[in-house]
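Encoded as structure tokens, the structure appears first; notes follow it.
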Amino acid sequence: MSLLNSSLHELDPDVAAAVDAELHRQQSTLEMIASENFAPVAVMEAQGSVLTNKYAEGYPGRRYYGGCEHVDVVEQIAIDRIKALFGAEAANVQPHSGAQANAAAMFALLKPGDTIMGLNLAHGGHLTHGMKINFSGKLYNVVPYHVDESGVVDMEEVERLAKESQPKLIVAGWSAYPRQLDFAAFRRIADEVGAYLMVDMAHFAGLVAAGLHPNPVPHAHVVTTTTHKTLGGPRGGVILSTQELAKKINSAVFPGQQGGPLEHVIAAKAVSFKIAAGEEFKERQQRTLDGARILAERLVQPDVTEVGVSVLSGGTDVHLVLVDLRNSELDGQQAEDRLHELGITVNRNAIPNDPRPPMVTSGLRIGTPALATRGFGAEDFTEVAEIIAAALKPSYDADDLKARVVALAEKFPLYPGLK
């Protein structure tokens, strides 16, 4: 049989077995990592299409390769759809990831050595917002801002630091922060010091698309996002900007940072943007929010707090909950491992003023997007919250909790058509 036409199982049973095992893991467990979601079958079909074969350096109508007439159509559809979804003047759908979207935006707006401001990593920021070991911390002078004692971004500190440091760019966005940001206040501060405002909405873009979270696009010069997480599409990135900055942004992506775009992924992005414009998507995002609030409310009850578990900022406005374990018998790694043994996948996460090392941490980040995509409603999220609350206590019935996790997974079959 020709290798060109062999199936994965026929050609490479070792890789096929690992893929099959991962499918089973996703089907049989509860995915609660806040940055993860389940891509629709149509999205995966587009990503696995023949578009993976096509090189297309450049942009629609201006390519450096022949034979791009069909990928031009696909990419323009993606551009038009995401501009409409968020009300943006311009969009670049080529970044391979959110990190590359952030890098390209910074390359377009900054010079090495310029000053930037971003949320401190331990306070909820992202690597690309100025961490020293990241390109953003190596190329630019970074002035981090922080959350206050209540766990909310300290806008007075942001304003003070901006006036003192006169940054060229202020980054508003986060990777582990449970509250909404005041984009209008960030823009006012940016304007006062002559800085660009870049919003990284990778985590909450789906909520914005559904009208359940303030839209940063009217306030920011540039907005970056991933296309997975709450958007629920393929893994990739996007940059939205004003028309005035579009040429700089496009040049920073190609040829500045990337060569050929991944047109099969761009096709998958286009499909996911169509889904995100629909009513079913909006209803799912509401269940995502409701689920996170149900979880947060359960974890602040006395039977949980008395064993040293607390919720940062006291609750959530978004799709995730940050759990503080500093006063618990468990550290972040132990809590993650315990939930994993029960069939619930979360991730340990640093919290503000965390006394433990990064690979251990004193916190958990727990998200609801994947379960909402799977179909979970309020009753189901209440059951999940009860399971997690029980598991974080010193004494718990592992067998009972495992059985309850299995029952929830079986109630909402995932990808039943995939074998």
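Heads up, the Cβ atoms here are built off N, Cα and C, so glycines get one too.
Using a 10 Å radius centred on the Cβ of LEU121 ((6S)-5,6,7,8-tetrahydrofolate binding site) and all shown protein chains, the other Cβ atoms total 22. In the three-state DSSP scheme, LEU121 ((6S)-5,6,7,8-tetrahydrofolate binding site) is classed as helix. Under the heading (6S)-5,6,7,8-tetrahydrofolate binding site, Swiss-Prot lists LEU121, GLY125, HIS126, LEU127, citing sequence analysis as support.
The N6-(pyridoxal phosphate)lysine annotation in Swiss-Prot covers LYS229. Counting only same-chain residues at least 6 apart in sequence, those with a Cβ under 8 Å from the Cβ of LYS229 (N6-(pyridoxal phosphate)lysine) are ALA34, SER35, GLU36, ASN37, ALA202, HIS203, ALA205, GLY206, PRO369.
Within the same chain, residues at least 6 positions away in sequence whose Cβ sits under 8 Å from that of HIS228 (site 'Plays an important role in substrate specificity') are SER35, GLU36, ASN37, ALA39, PRO234, ARG235, GLY236. For HIS228, the entry in Swiss-Prot reads site 'Plays an important role in substrate specificity', with the evidence type sequence analysis.
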Problem set entry | Same-chain residues at least 6 apart in sequence whose Cβ lies under 8 Å from LEU127 ((6S)-5,6,7,8-tetrahydrofolate binding site) | ALA99, LEU121, ILE133, ASN134, SER136, SER175
For this session: Compute the mean position of the Cβ atoms of LEU121, GLY125, HIS126, LEU127, which form the recorded (6S)-5,6,7,8-tetrahydrofolate site, and then list in sequence order the other residues of that chain whose Cβ is within 8 Å of it.
Result: GLY118, LEU119, ASN120, GLY124, THR128, HIS129, GLY130, MET131, ASN134, SER175
For this session: Tell me the Cβ neighbour count for GLY125 ((6S)-5,6,7,8-tetrahydrofolate binding site), meaning other Cβ atoms within 10 Å of its Cβ, over all protein chains shown.
Result: 25
